Structures are given as structure tokens and as C-alpha cells.
Amino acid sequence: MLSDELESKPELLVQFVQNTSIPLGQGLVESEAKDITCLSLLPVTEASECSRLMLPDDTPNHTNSSKEVPSSAVLRSLQVNVGPDGEETRAQTVQKSPEFLSTPESPSLLQDLQPSDSTSFILLNLTRAGLGSSAEHLVFVQDEADDSGNDFLSSESTDSSIPWFLRVQELAHDSLIAATRAQLAKNAKTSSNGENVHLGSGDGQPKDSGPLPQMEKKLKCTVEGCDRTFVWPAHFKYHLKTHRNDRSFICPAAGCGKSFYVLQRLKVHMRTHNGEKPFVCPESNCGKQFTTAGNLKNHLRIHTGEKPFLCEAQGCGRSFAEYSSLRKHLVVHSGEKPHQCQVCGKTFSQSGSRNVHMRKHHLQMGAAGSQEQEPAAEPLMGSSLLEEASVTSKNLVSMNSQPSLGGESLNLPNTNSILGVDDEVLAEGSPRPLSSVPDVTHHLVTMQSGRQSYELLNQGDLTERRT
């Protein structure tokens, strides 16, 4: 952890190692620890206290006792000034504690730091008391990347007379280089083996993060007869659901009942019910809205004129703005005709061609049949049906006698049994022409009802004979 003094001036610090455990060398670890105060290289107030830490003895010739040094005297030993160009300059203060300077047991920690030296800050954060264990944490902060100012290091770097904090800084520098090289090697190995797999978001699609490296498709479908391979685990999982027909996400709307493999597809489908269209065309004077980003992308090709989907059939060369249009077009080259006319049975490769055929032929035939039926329906609604010998109807079941005769209602049997006509008689609204009824010779039938009797002759005339 960083002390409060370091947090007060973050602009002076560049973290050298982030919470990295750096074990000290065996040459720096002594069996006996020395009790001195922590030395802060940043000026702080008088009230601040530095925690007491256990430091190893610098040399084996030192005694096993140490004198406690007041922290305020050490804090005044350095003054740090930040220049206008961001460079740091250090100057020793004129006033120094005589007790600190006159102590023979205390190591000369700041003896090698001169005002002209462009050295870097050394920030020691000792989480436990003492440096005798390799598990103790050291956090080093260095604000300069230029090593040209380290001229105070003597050629005999392994000499025990070098201050201990300089040896610790050297160990930290070497450890950082080794850790950086190890991390770079690990990243290179990961990218080459294709282990850096990123999963997509809710629809199962990976996020677009620039050009992807060429990775081997290791995920192979285990279903018999399917040889598809995948890179992304989300795609592979979605593909396996298509084999199992695992449509576990069902639309809750009443009367819909559609099901989907993934939840994202269901969410997109729900926009068709609630009318939500969040994707708007940005072109001027257009403003069309769409439920999905894919539909908007396909629509924008109308404005740009882009047709990226090209038919690869020999001699075709047609291109389309949408992949679905290309897929429909490929049926033409395959010779398959799945769309059949329900009236005449003719088949077509495209549903649009079938619809054009039905509007052109079958609707005209229906209109012509209705026009032929209208003139023939007029005599049915006009005069009596008995005046036409060739016209009979199932609706003619009863007829009333004249009121002047005072007779009752005369119920006639079905005219089909009387005239011998089959069931293929014309009803009102039938498209068949009325002239298609065959002319059948009828016999005389006498019917009596009360005081009157009627006769149906061959000629179809109705005669009345009083009794």
C-alpha cells in the first residue's frame, strides 16, 4: 500500500510495479534485523508519523543495536521541487538534525544523493515489519525512464558497501524486465495457438473488435452426416440446437406460438407485436424504421446501390443487395419448382411468378363467368319460373294460388322428381351458364288440391281446370 504522503502528490509518481511481490536477494537478508524508522523521500508535515519497520543490517560489521531516528529530521533531509517542464530536482535542506548526522550506527541512506544527480524516487512500502521473509511485498515507484542519471552506481555493484536501497532498486528493475518478457512470451503463445477466444453477447454473436487473426476451427459437429466446424463456442452451441430442434424460447403473445433457439431472437421477434422499430434510416427524406439492425443495413444498400451478393452460376452474373434474394435466385438454376398454382396445378420456381400467373389468368376467368351469369339471372327474378321450359330450380318448392280463388297454399313436391332433372341444376350465383341444362321431355302430371286441379303439360303451360 502507498502511504498518505504518496497519495498527496500522485503527479510525482509513476508506478513501477503494480502490487508485485519482489523477493529480496539472499545477500540482503540477514539473520538479525535492525529497528529504524521508515524514511520518506517526500516532504511532509511535522505531525505525520512514519511506521516503524525492521530493516536488515547493511554490513555484517555493524552492531545488532540501532538508535531510533526521529521521522521529522529525516523528512527534512530532502526537498523535492517540480520544475515547469515536469522534471524533478532535489536539494538537500540546510538544516539537518545533528542527531541524525552524528549517529554512527545509522547507515548513510542519503549520502550518495547529490543535488546534481537526476536519480529516481524509490518508494518502499513494507507491509510487514522486517525484510527477513521472501513473501514480503515491496512496491517501487520510478518516475524517470532514463538510466543516464545512475552514474552514482560504482562499477563494483556487488560490493556490500552500496546502500541497500540501491541494491533493492536494481533487483526490482531486473525483476520487472523478466516479468515483462514472460508476459510477452505468454501473449504470443496464446495468440498463435488460438486460445484467446472471446464470447459474444446475448444473441450469441462475437463483438467486432477489428480484423481477427486466422484461427483454426477446432470445434467440430459430432452429429452423423454433419461436417461443419466452428471457431466460436457460442456458434457451435447454437448449431447443436438446430440438430436437436431445441426451440425453448416461445413467444408469449396470444395466437402466435413461434419458438426460437436463443433468447435474443425472441426479443427481436417481440418487436413485431409491440410495434417497436428502434433502427431509423439516416438518409435525408427517407426516415424508414426497422426492427433489426440487419434490416436497416440491407435497406441502406438501396441508397448506396451496393449489391455484394453475386450469383456464381456460369453465365449469370446477377448480383443482389440481400443474401436472401440470392438464395431465392439460386432455385432458378437448380431447376426446382416448389410453388404450385392451386387452380390449374402449374408449378413455378418463384412465389412471385405464381402470384402473377394467378392474377393474370384465374382472376380474369372468374370475372368473365360472373358477367355471363348476370343476364341469365334477370329472368329468374322477373317472370314466373313455369314460363321457361328449360329452367328449373331447387328453390321452387311452393307457390301460392290466386287470392281471388280463395284457395289454400299449394305445396308442390321437389321439381327434380317431377321433371326428372339431376342434381346438376343451377342455383343462384352458380358460374355455369344456364343454357347447359339439358332439354328433357316431360309427361303430363295431374295434381289436385281442394276444389282446383292443375296440369303440367309437355310444353310447360299451366292450365286450370275447374271441377
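The count begins at 1 with the first shown residue.
The backbone N, Cα and C atoms fix where each Cβ goes, glycine too.
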Matching 51-74, 75-98, 339-362 to Swiss-Prot annotations, zinc finger lands on 339-362
Mapped onto three states, the DSSP assignment of CYS226 (Zn(2+) 1 binding site) reads coil
Averaging pLDDT over all residues of the zinc finger (279-303) gives 91
DSSP output for HIS333 (Zn(2+) 4 binding site) maps to helix
Q.
Is it the case that the zinc finger (279-303) and the zinc finger (339-362) touch, counting contact as three or more CB pairs under 8 Å in which the residues of each pair are 6 or more positions apart?
A. no
Around the recorded Zn(2+) 2 site (CYS251, CYS256, HIS269, HIS273), other residues with Cβ within 8 Å of the Cβ centre, ordered by sequence, are PRO252, ALA253, LYS258, LEU266, MET270, THR272
Counting only residues outside CYS221, CYS226, HIS239, HIS243 in the same chain, those with C-beta within 8 angstroms of the Zn(2+) 1 site's C-beta centroid are THR222, VAL223, ARG228, LEU240, THR242
By Cα geometry, the one of the binding-site residues (HIS273, CYS341, HIS357) nearest HIS243 (Zn(2+) 1 binding site) is HIS273
